[in-house]
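For reference, TrEMBL has these:
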- B:24-62: repeat 'HEAT' (REPEAT)
- B:99-282: domain 'Phosphatase 2A Regulatory Subunit A helical' (DOMAIN)
- B:101-139: repeat 'HEAT' (REPEAT)
- B:178-216: repeat 'HEAT' (REPEAT)
- B:217-255: repeat 'HEAT' (REPEAT)
- B:256-294: repeat 'HEAT' (REPEAT)
- B:295-332: repeat 'HEAT' (REPEAT)
- B:338-376: repeat 'HEAT' (REPEAT)
- B:377-415: repeat 'HEAT' (REPEAT)
- B:416-454: repeat 'HEAT' (REPEAT)
- B:494-532: repeat 'HEAT' (REPEAT)
- B:533-571: repeat 'HEAT' (REPEAT)
- B:572-607: repeat 'HEAT' (REPEAT)
- B:609-650: region 'Disordered' (REGION)
Amino acid sequence: MPYKLKKEKEPPKLAKGTAKPSSSSKDGGGESTDEAQAQSQPQPQPQPQPQPQPPSSNKRPSNSTPPPTQLSKIKYSGGPQIVKKERRQSSSRFNLSKNRELQKLPALKDSPTQEREELFIQKLRQCCVLFDFVSDPLSDLKFKEVKRAGLNEMVEYITHSRDVVTEAIYPEAVTMFSVNLFRTLPPSSNPTGAEFDPEEDEPTLEAAWPHLQLVYEFFLRFLESPDFQPNIAKKYIDQKFVLALLDLFDSEDPRERDFLKTILHRIYGKFLGLRAYIRRQINHIFYRFIYETEHHNGIAELLEILGSIINGFALPLKEEHKMFLIRVLLPLHKVKSLSVYHPQLAYCVVQFLEKESSLTEPVIVGLLKFWPKTHSPKEVMFLNELEEILDVIEPSEFSKVMEPLFRQLAKCVSSPHFQVAERALYYWNNEYIMSLISDNAARVLPIMFPALYRNSKSHWNKTIHGLIYNALKLFMEMNQKLFDDCTQQYKAEKQKGRFRMKEREEMWQKIEELARLNPQYPMFRAPPPLPPVYSMETETPTAEDIQLLKRTVETEAVQMLKDIKKEKVLLRRKSELPQDVYTIKALEAHKRAEEFLTASQEAL
Amino acid sequence: MAGAAGPGTGPGAARGDGDDSLYPIAVLIDELRNEDVQLRLNSIKKLSTIALALGVERTRTELLPFLTDTIYDEDEVLLALAEQLGNFTGLVGGPDFAHCLLPPLESLATVEETVVRDKAVESLRQISQEHTPVALEAHFVPLVKRLASGDWFTSRTSACGLFSVCYPRASNAVKAEIRQHFRSLCSDDTPMVRRAAASKLGEFAKVLELDSVKSEIVPLFTNLASDEQDSVRLLAVEACVSIAQLLSQDDLEALVMPTLRQAAEDKSWRVRYMVADKFSELQKAVGPKITLNDLIPAFQNLLKDCEAEVRAAAAHKVKELCENLPTEGRETIIMNQILPFIKELVSDTNQHVKSALASVIMGLSTILGKENTIEHLLPLFLAQLKDECPEVRLNIISNLDCVNEVIGIRQLSQSLLPAIVELAEDAKWRVRLAIIEYMPLLAGQLGVEFFDEKLNSLCMAWLVDHVYAIREAATSNLMKLVQKFGTEWAQNTIVPKVLVMANDPNYLHRMTTLFCINALSEACGQEITTKQMLPIVLKMAGDQVANVRFNVAKSLQKIGPILDTDALQEEVKPVLQKLGQDEDMDVKYFAQEAISAVAQRLTKLDFPVKDNEEPSAPGADKNHFLRPRGPGEDTGKGPAHQLHVNTRDTPAQLEIAELVHFS
């Protein structure tokens, strides 16, 4: 049954069925696209399972919507909460308007219908006046209130009235949005002095938020209005607009990025002509992030949007999209702040594999290439993602990658960092993975056995011992004969090991001698001899232990299955910095426009 | 991982049988198959040895094709390879064959990882110099063109760095082509490529003919400087420096200045920051006339920019800007056009701005002379000495020598003292540490009397600070002070106070006495050491805390070379022998270390050489042969030494170190 679930991609259709707004699209072509997009109210999606369910016997389907980006990355629990003297607020420098004295205009609903359009435009123009919220928060209080009320009224107006988005409104609304929002973001300021760390520092909130929020709100309603016609809007919402919008994704304020995400998602859905451009520009942001700066605040949000886009890709996948997977999504694993956006990234990758299983091999090879060498928490994330991939892998694909894959897993189970070893050993509780191993036992066991066996005694962490015994026991039950062979081979290899080392030294010695014969030798002084590579092995079981092992496996393979905490947060904050109550509250108060992004169907 | 399938040579192919000539490559192939990255890396690092063993011809025909076709490995291995190949010309047969190295480097220049790519480009640039002009056009230029028109942005980015090395030696027709390629990269669709091109624009301009600079580079510069991405625009500012150097004043005014003015007022603070950051270079490049007309007003704007980052960058440049102004009329310009803005910055809202200013402001006094300094700058110094941010005060104090030369430090001393005292007692230990480091400098400028009167007690208080790093710094501070003020001063003011601490109830303070003795004994010389310090050290051998006892052993080893043989033989040796029987294994260990060091010295001294000239000498050089194994400071050596890491102090220090960011 799960097989079938995987094939039927239900979400977009489901969305179409539930909330079908009247007259959603007049712009011809791509009807299905617009319909899938046009639900104006945040529709509670069938609550996606937060994490994969306990192991089922077969591949699991993944979620239909990308995992939403956390508003606050920091878990507010442990550290002391303090109110800091300086509020964590800063603001982009807006070009303040010279004349900021706003006159209160009559309410839209009280004015005669024929004058409403004119009044609406007036109000939009009024809202193009910008105020100062940082250097003097108390300035122009009266006029700020006029603008706030005006924006509020327009949000109501555009949401609840029909036929108010007339042709004259488009340029005005887009201008109002651009004037208020398009700005150079301020340098990230971290009061503790060090560089801003996206993984654990609190974001600086935008001081002008009381106005910005309403501007965003209004624009979103504008885009979602049933009267909204992309054909007219595309004159104003063009490439330049999108580029400026994308620049804002680097904002430190998560509330702003949340709005941007939803807005960009809507634009992507409604403006077919902009789609390729948007994807290309997002790629540029990613390249810069990966290869140049390693710093950008909006990666998770962008990936979330991409997750919904990938979800809607038509089959067979275009070459361009495959390149995106290999050249953008995989290198994103390399960046050191991976934890900030990993759930969204993993979702995108798994979406691709569910669409086209032949991509499995390059993806796994890529993951192995970027496998973290020293960053253990990141390694745990890789293991999480890899398990998600294995959950949807086709057996034929599995056999292509299993050898390098299990060589890496062998390293992971031998990791001195117990969380890494533990996470890798949890794979033995996944029945689908076990069935894949079982089908390929002859090739997998010889790779895994030495690592498991060596650590069955030597790992410092007792929990790991239990898990290793559990794994060994499963192997033993899988194929008794093969298990015995592996044991014998291990014994033989162990003896050969030292001999090899010596052989290598002799080999290089011989080359060195040959090189000496070359008259150029003195000019190219070979680099000073490198320190020999010592293996870290300390206490490994001897061959005699093998008999013992067989007996103990039975008893020691504790029923690890039971007490494995499924949802263990393996990420730890690097330090407990005091947290600012104001920031926490501001973030908690933010209401998302939409909890989950729906798939954007690809135009065919 | 290392996909290594040799071109027809299995690892075993050459091994064993008669033909040895391919043996090295077989080994390499075999090694590159190994699972262990470190082993693969090691073998790549020995690539030159392999090439030597193969000889030039086989390196060309076998090794390089193998490296070109089959290397797919970890970036780290690729990086090592790219680096190696840059020095390979000799190994492939000299300049005539340098082009053989191009294929592997070409593919390395297209990989995704920036570090590898950059290294490959670096090696390519190196090799380009070794090409003959003919080979350059036949092999190198085509490679550049291929890279410049590659599909993937990585190869186009790499190409940007190669134009300037092949341009000067190419023929005119080829030159035109090269310029054409560069032009198209400057307007590439991918911002990454435009950035790479913008960052190489200045370098490329320098190798071009002046006409081409004016007709081609300037338009490119103007375009890049108005790019939609601020990350591109800011790189154009850098290029501006190089381009400006090439043009005459008139051309500068007409071709470059409009763009530069625009950059100084760019809407993105990053671009303005770049202008501020490169200000001195720009100033030198455009010459005095344009500086006065254009740059000074621009600088004023940068000093009052709305972003603190920009103001701080500009503040850093204040001194250099003033220094580089033409001497004639300099004073007037500074007084009228710069100083008013500086005064504002002294009370800036941002501490980074203030501290940037504080780090250079003292330098203005030499430029402005005594009177102006007293009248205009001194009030600013004094204000900054009272600033709430410790970094600002520290920056002022650390540059006191500039002012000392001009007006003498006395003018400042009244305000200086409270500032120093406050810093000395700052809650952040890094601040305390910083001020300690300036103590010897201050002592030198303020003189011994002032020091004794006002600062001595501070220096002593640091010895009992609760942070180890401070106590340690205080110890070496004492040593420097003794070097400055002489042994007599030490004997009267420092030594007694240090020795009193030997009876302190806190073992950490008792240990500080020992550390001070270690540091001071050399500077104080034999007499003080033997008469005043040694008895105390010996007495402490009976301390009840093991840490103190083994530090006694270490101290004795340390001061041993300064003592004469009698003292060593009669006083030191018995105590060490007793410590050698201590119940604590660390004490035993260090006592034995010390015994063997002392014993060596005693045997050396049996020869009547140099016995008497030694005492007052610093002794550092002579210690070498006395203590071949490295003296007691090598604390890692004690077998169970870690057990004694004093638990109260170290963690406390670490904890603070993690929380306090102080740059």
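Backbone N, Cα and C atoms are what each Cβ position is placed from, and that goes for glycine too.
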Determine the mean pLDDT over the repeat 'HEAT' (B:217-255), rounding to the nearest whole number.
91
Restricting to the same chain and to residues at least six past its boundaries, which positions have a Cβ under 8 Å from a Cβ of the repeat 'HEAT' (B:217-255)?
182-183, 186-187, 191, 194-195, 197-199, 201-206, 208, 210, 262-263, 266, 268, 270-271, 273-275, 278, 281-282, 285-287, 289-290
Write out how many residues of the repeat 'HEAT' (B:494-532) are helix, how many strand and how many coil, based on DSSP.
35 helix, 0 strand, 4 coil
Can you count helix, strand and coil residues in the repeat 'HEAT' (B:572-607) using DSSP?
30 helix, 0 strand, 6 coil
Please list, for the repeat 'HEAT' (B:24-62), how many residues fall into helix, strand and coil according to DSSP.
33 helix, 0 strand, 6 coil
Please list, for the repeat 'HEAT' (B:217-255), how many residues fall into helix, strand and coil according to DSSP.
33 helix, 0 strand, 6 coil
